[in-house]
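Before any comments, here is the structure.
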Amino acid sequence: MSCLPDWLAAGCRDGDAASHPTIRLRFRTATVHYLAEFDVVVVGAGHSGCEAALAAARLGCRTLLVTMNLDTIAWQPCNPAVGGPAKSQLVHEVDALGGEMAKITDRTYLQKRVLNSSRGPAVWALRAQTDKREYARELKQVLEATPNLTLRQGQITDIHLGPHDEICGVGTFFDVHFACRAVILTTGTFLGGRIWIGRKSMSAGRAGEFAAEGLTATLERLGFETGRLKTGTPARVDRRTVDFGVMEVQPPDPELRWFSFDPRAWVEREQLNCYLTRTTAATHQVIRDHLHLSPMYSGDIEARGPRYCPSIEDKIVRFADKESHQIFIEPEGRDTPELYVQGFSTSLPETVQIAMLRTLPGLEACAVLRPAYAVEYDYLPATQCYATLMTKRVEGLFCAGQINGTTGYEEAAAQGIVAGINAARLVRGEALVILPREGSYIGTLIDDLVTKEIREPYRMLTSRSEYRLVLRSDNADRRLTPLGREIGLVDDERWGLYQKKIAAITCERQRLETTRLNARDLPVHLAAKPGSITLADLLRRPGLHYGDLESLNQGVLLDAQVREGVEIEVKYSGYIERQNEQIERVSAQHARVIPADLDYERLSTLSKESREKLNRIRPRTIGQAGRIGGVNPADVSALLVYLELAQAGRLTPAAP
């Protein structure tokens, strides 16, 4: 059965599914020949595009994944690593919904470490150094083996609209056209990409690959606002020319942890070391002497770069009083001599880069295999999207990843799976899914993107979530796997494993809350006062862990994930309950829906700036309205009063 509109599907049933319908190419009509019919077309095969394509195909949609180079699918062009603060939570959540990133990482890691382990569980962050070639190869194999999914090399330049401004197809640079109901744009840094080394530049999405030309003009003709952003990547050096003996070893953690909640994806393997060195006074002097050659400081690049991943020249300028900066030396794979110089991103000329690198302890004789460079690219401010990631202007057009203004593989994957789910649901005539910000980091990420006017690359941080104590890595499956199951991305075996885990956590929590120990049976340092104490109250004491219960012969044999989940839920139960109560209180007010056709210009109680912002962004709820820059608490209160009066029938929606 065709999922295309009747007027288009009728023309796609002849012969080899080719058709010659007349479609609208914005301001003009044209007759095109559709080579094939799909339900969903995904443009770009980076981390966002891969998750989007897999989600749509697994939900039964005939999906086409179009990439400019089939050999660089799921490539990690910058740091070959997954996870880190806030990013690991995103990876766990993608996995909980039924995505792929966590599984691939658990098969291709070179090293794993838990960051912030000395702090509370809300900010624990698993990080993996990955083998970039193995990662790309493994994920490509998954894509190629997925039913309903077709991979094709090409460059999409045209988006075809039907009579009601709905998606009906796409066209390539070489005039090959595909009919479809939904399009997901995951263009990364390729959209109008230009790379810079010193004062010289060339058109490229990344080093050695063409930029995507033509699509930006199409989007602008469709009425979308576009902008420019910038990012960069450091040089790669030859490990055979590096002296690791003068560096600080960064070994993997002794206890192996996993990104995926599915044990079927876990692969134990030998891990490698990373290394730490630091910049020196000589490094800083070389940079200062050549700062005028940086395209960022000469004015050649005007696009904004990522605030939380600055270039080394930015660090030297912004933190002029700092004597040294950490630089991590990380392997890119098991079968390559290339090392990634983390923290040393730059766009200075290549000869200057070599001089800079050779001032670092251990790199005095290093050979550069690939120079660092900056890349600027086009993006669409995501306030033009709903929280479903479908654009407000064109039904069936979704955006995910760097085109929405984000930076990072994890942020891209998180948006990709949401866009893929919703594109499939649109095609199937089902309600689209919105993840609330209080329920996940993915929800927080998307809410920020579609609400706030972002003019620099957005990176997920734990501080961006008001509810990080309940949005932990360990409970991502408890928060999102039921939704993944309902949507259709969690299979029976995975669901069975999830239910078994939940039952084990519930059972052990009940045991800890009901089992009491007499103070006489406890070591002196634990017997605080006479009487008895539950195991749960004992576990809540500072410095005590589940392992201490085992030393008292009061533990039971539990899976590591279950044990950690139980300990966190018990130990922080008071804080968690208070945050859940806060979420309920805030959600009741913030979830209040604003009429889609409300004319803010007629609400004289709102400030002028507020009316302009609200009319442009069109927030869905009171909570979203309050997070828009320029909308202050007084404006939110006035809006609430208006809605209350309108609901009570004391004024008409058309008159304030």
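Glycine is treated like the rest: Cβ placed from N, Cα and C.
Quick look at what Swiss-Prot lists:
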type	residues	note
BINDING	GLY44, ALA45, GLY46, HIS47, SER48, GLY49	FAD binding site
BINDING	305-319	NAD(+) binding site
Near the FAD site, what residues other than GLY44, ALA45, GLY46, HIS47, SER48, GLY49 in the same chain have a C-beta no further than 8 Å from the centroid of the listed C-beta atoms? VAL42, CYS50, GLU51, ALA52, THR67, ALA74, THR186, GLY188, GLY401, ALA412, GLY416
Distance between VAL317 (NAD(+) binding site) and GLY44 (FAD binding site) at the Cα atoms, whole Å? 36
ARG307 (NAD(+) binding site) to HIS47 (FAD binding site): how many Å between their Cα atoms? 22
Of ARG307, CYS309, SER311, GLU313, LYS315, which of the binding-site residues has the most Cβ neighbours inside 10 Å? SER311
Spatial neighbours of SER48 (FAD binding site) that are distant in sequence (at least 6 apart) but have CB under 8 A: THR186, GLY188, ALA400, GLY401, GLN402, ALA412, ALA413, GLN415, GLY416, ALA419
Using C-alpha atoms only, work out the spacing between SER311 (NAD(+) binding site) and GLY44 (FAD binding site) and round it to an integer in Å. 26
Looking only at DSSP and grouping its letters into three states, which state does CYS309 (NAD(+) binding site) belong to? coil
Proximal but sequence-remote residues of the same chain as GLY46 (FAD binding site) (Cβ under 8 Å, at least 6 apart): ALA74, TRP75, THR186, GLY188, GLY401, TYR409, ALA412
So ALA45 (FAD binding site), by the Cβ count within 10 Å over all chains shown, scores 29
Distant-in-sequence Cβ neighbours of GLY305 (NAD(+) binding site), under 8 Å, six or more positions away: LEU229, LYS230, THR231, GLY232, MET296, SER311, ASP314, ALA374, GLU456, PRO457
Packing count at HIS47 (FAD binding site) (other Cβ atoms within 10 Å of its Cβ): 33
What is the interatomic distance between the Cα atoms of GLU313 (NAD(+) binding site) and GLY49 (FAD binding site), given in whole Å? 32
